[in-house]
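Below you'll find the structure, written out as structure tokens, and then a few comments.
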Amino acid sequence: MILGKSLLAAWLAGTIGVAPAQVPSQQVNGVTLITGDRVVVAGQGHRIEPGPGRQVGFSSQVRGGHLYVIPSDAAPLLAQGVLDRRLFDVTQLLAWGYGDADTPDIPVIEQGITTSLGSAQVRRLSSLGMNAARVSKANTARTWRTLTGARTLVAGRSKLWLDGRRSFSLDESVKQIGAPQAWQQGFTGKGVTVAVLDSGYDPDHPDLKGAVTHEGKFSNEPDMRDNVGHGTHVASIVAGRGEKYRGVAPEASLAIGKVGEGNGLTESEGIAGMEWAAIEVKAKIVSMSWGGPDGPELDPLEQAVNTLSEQTGTLFVAAAGNDGIEASVLSPGSAEAALTVGAVDKQGRMAHFSSQGPRVSDHAIKPDVTAPGVDIMAAAVGGGYRSMSGTSMATPHVAGAAAILAQRHPDWTGAQLKSALIGGAAPVQDATLYQQGAGTIDLVRALRQQVVPKQANVWAAFPWNGTGGRTATRTITYANAADTPVTLGLSADSEVLKLPSDHVTVPAKGEASVTLTIDADGKAPGDYPGTVTARSGETVIRTLAGAYVEPESYDVTVTVVGRQGLPVDPREGEIYDAETGAVHALSFQNGTATVRLPEGDWNLYTSIREKIDGQPVLTIADSPLKVDGSDQRLTVDTRQGKPTKTTIDDPSAQLQRVSSLGLDHGAWGVWSRMFGLDANSQVFVIPAASPGLTYTLATTWLSKDLSPSPYVYTLVDRRSGGLPDDPTYHARRKELAKVTATYRASGAAATGSPQVSLRVGDSMVEFPVSSVGDIALPGTLIHYRTPGLVFSSELQVGTALTSDGGKLMKRGHTSEVWNAAVTGPSFLLPAGHRTGDSLAFAATAMFADGQPGRTGSDTAATGTATLAEDGRVLATAGLADCDVHEPQSCELRADLPAGSGAYTLTTSMRRQATLSTEVKSVWTFPSTTTAERQPLPLMAVRYSPEGLDDSNRAELGSTTRVPVWVERNPGATKAETKSIRLEMSADDGATWRPVPVTRTGSGWTALLTNPRTAGFISLRAAVTDTAGNQVTQTITRAYAVG
């Protein structure tokens, strides 16, 4: 069970020595990695489930709010640059709909991989030598074995990418960039093809009639029709034929490439559309009003833009994005060859949402230009018009302008068009270069000017060098299409830009070059953006230019020496910043790796696996590193490692495995851990003091003489302050927490699998620490655990899973019961909410056992969920394969009418089981439109019958005392229970009779008289609270009588 940070509000009286822990305020999600390992996330907590047979370590890192979980055998490949780090970005995988509840596959792009990965090819991306494919999550183990085989991935030649997703980011606006003046000169884009890669188009819209000459479909939808309105709007901005709302280039031809659906597109769909537009259609301009987060490395979309621009001369115009913050320009707009567009409003001011530079990879200036993008009126699906805002709207303005310019200069390449539009742009007042680029495009000026720079952006990035030498030269070449020479006055507006002269003369029909010196000697680290401006009369040409100076940085070389005194490559190696969370992976060759680091305090982490005399040996090192003033060479010598050792003063017990070895730096959320090292593994740690670092070693012990073992020791050595000088832990049984766990059967005897995890750190990360395999039910198992720590437990019985909320272990003896009746709905975890006028409900916790602080599900149960208002059904969902760890696996979603209403939510689930064969809940509650996410005021009636035997049976004719309590959906508006009515049935609900209920403390007590013949008792309860919320809950065959 994975827990987050909101306190369990109604924990019923537990036994002595066990205190309630915290429970999650958010739902649970799971995702399978390309390695076959699985990560389960709840709120800020997560748990890792290694793939079958995988004895590997894991490093968890939080960067920029994203959780990365990196298996140790993937770390070297990431360091070599042959794996896309996004394959391990759990946050992004879930956000893109690649979680296990959303898709059975992992979409990937294979670059330079000739070995079959067992994946299903989706499409060939010929221009890049790539394949888009889907790897079945059921086959990830096979795929990973192939990937890690000999020379499948070769640094510099091959790479496996995640096929990530990208999202779709006219009257006054057309005038704003000077389009009508261009039309008056006869330039309307005629004869020029502009490809619009978007969500399709409305072929029946009158403004697009006769405009579309080519169609290409690269999405999974059945036709070209635009189902979201984005593509139609964008296409009409480029070349709409309407009288009132005319596009920028109203006589240009449109090639519409449908590259996505309503929720965006995959990267491979985008690339396929680019290839079609540039190679097959031979479009002069491609408009792309979509994008996704950019990273420091060249991604497939950026590669496609750069490669196709060079090969075909096509100009790719891309949206900057709508994040409105620094360093947020999206890919593919981040590509060097792209003409990247920010947005201004109708008054020419920067739009607050327009994404800004610098570019992530090298701090260069992006976006390149701006265009109108606020309240743009253009074509809507269905024949009308609508107003939309975003850099998605600004981009087609520039694409249309480029089409007009291409008509004026049909022999110009895309690069020349780009340079002309940048060169002729007008600066935006009160905006930085990283916000506006060269400024807002001025089509009148671009058409008029006869001199164009061949380079649109010249930039230099300088590494730190204490001795100086931070200078570079760049050439700016001006081409003159006029019949007379032109003398340009030159100026630069940045302190790092030096011109050799204040003028240059460009001959008629010729070119002239200027050598620009970028001199950052003596400059402090940082960004130095600027422009070079060339003027002659009304001719004003701007070229973006500048420099980035790296912070004071030095090379750190790490050498790892194995236990036999020879260099070895570690399984994992990275240097991380314990303050900021920055992580630099180390790529080792022959035991040595070098990385460049800014000055400051870092930690060096390595894990080294070796075999000595045929036995596996693991050595862990994590020590502080100060980078200051010079390059460094460090050695990690595994021979300095101290052996870990755990003992217990019980001679009948023997070590089964080192179940977890972990390091966590809770200050910013880095965890590294190893799972499932067997008893023969030798584990060493290299002692080092490190503030903020906590060391954890968990071992599992069972009886060496009895099978199955009547007990299990879970012994955890957890220490703060670094890796200990003496990693020895001597446990004494009398000082441990002792938990006697009774595991009941539900009818016929069966088997169950108990699992125990250790929760560590403020972010509720879990280490699996104990698994004894299957035990017979009913049965008893004594757990001995290290006190002072929080352990969470689960029990898997066939397809049913029950989990608890985690318990803080205290010295002394306690007991607990698992798989106890009555199994039914639980609200230990949040299950439903309304945001605005959208409702979501997850029917996953319908089968929790009858103990406080439990949640549970049964993936074999099936049923339905229905939402109605005043008898009118709003939504229905089928329920199957419901997993408490996967809320989306059984989710009902509905759009609600705005305002207030009274709603009825009904769920009914059946399963093939002895007890709780059908569970039905009918909730009635008021709800109103809300700006914030508001949990639904749902209730669950919970029962814990006393006196049942270990098969959940009451004696014939006996009276059963049943504690009753009501659980509420966490976070819902508080209300008190106003009334409760309980009924019982001995004939599976054919007839019912009332049961007396008495208030006792915070709950109630019911007394049930059982029949004198064998059978089952069903329960039906009706509850109303003081806010008017109601629930009627029916559990068929709640417990047995016999």
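Cβ coordinates are placed from backbone N, Cα and C, and glycine is handled just like the others.
Feature list (source: TrEMBL):
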{"type": "SIGNAL", "residues": "1-21", "note": "signal peptide"}
{"type": "DOMAIN", "residues": "189-439", "note": "domain 'Peptidase S8/S53'"}
{"type": "ACT_SITE", "residues": "Asp198", "note": "active site, charge relay system"}
{"type": "ACT_SITE", "residues": "His230", "note": "active site, charge relay system"}
{"type": "ACT_SITE", "residues": "Ser392", "note": "active site, charge relay system"}
*Name the secondary structure element type, per DSSP in three states, that contains Asp198 (active site, charge relay system).*
strand
*If one measures from the C-alpha of Ser392 (active site, charge relay system) to the C-alpha of His230 (active site, charge relay system), what distance in angstrom results, rounded to a whole number?*
9
*Quick one: pull the CA-CA distance for Asp198 (active site, charge relay system) versus His230 (active site, charge relay system), whole Å only.*
7
*Report, as a single number, how many Cβ atoms besides its own are within 10 Å of the Cβ of Asp198 (active site, charge relay system).*
29
*So what sits near His230 (active site, charge relay system) in its own chain, CB-to-CB under 8 Å and at least six residues off in sequence?*
Phe168, Asp198, Ser199, Ser289, Met388, Ser392
*What mean pLDDT does the predicted model reach across the domain 'Peptidase S8/S53' (189-439)?*
95
*Provide the number of Cβ atoms within 10 Å of the Cβ of Ser392 (active site, charge relay system), excluding the reference atom itself.*
29
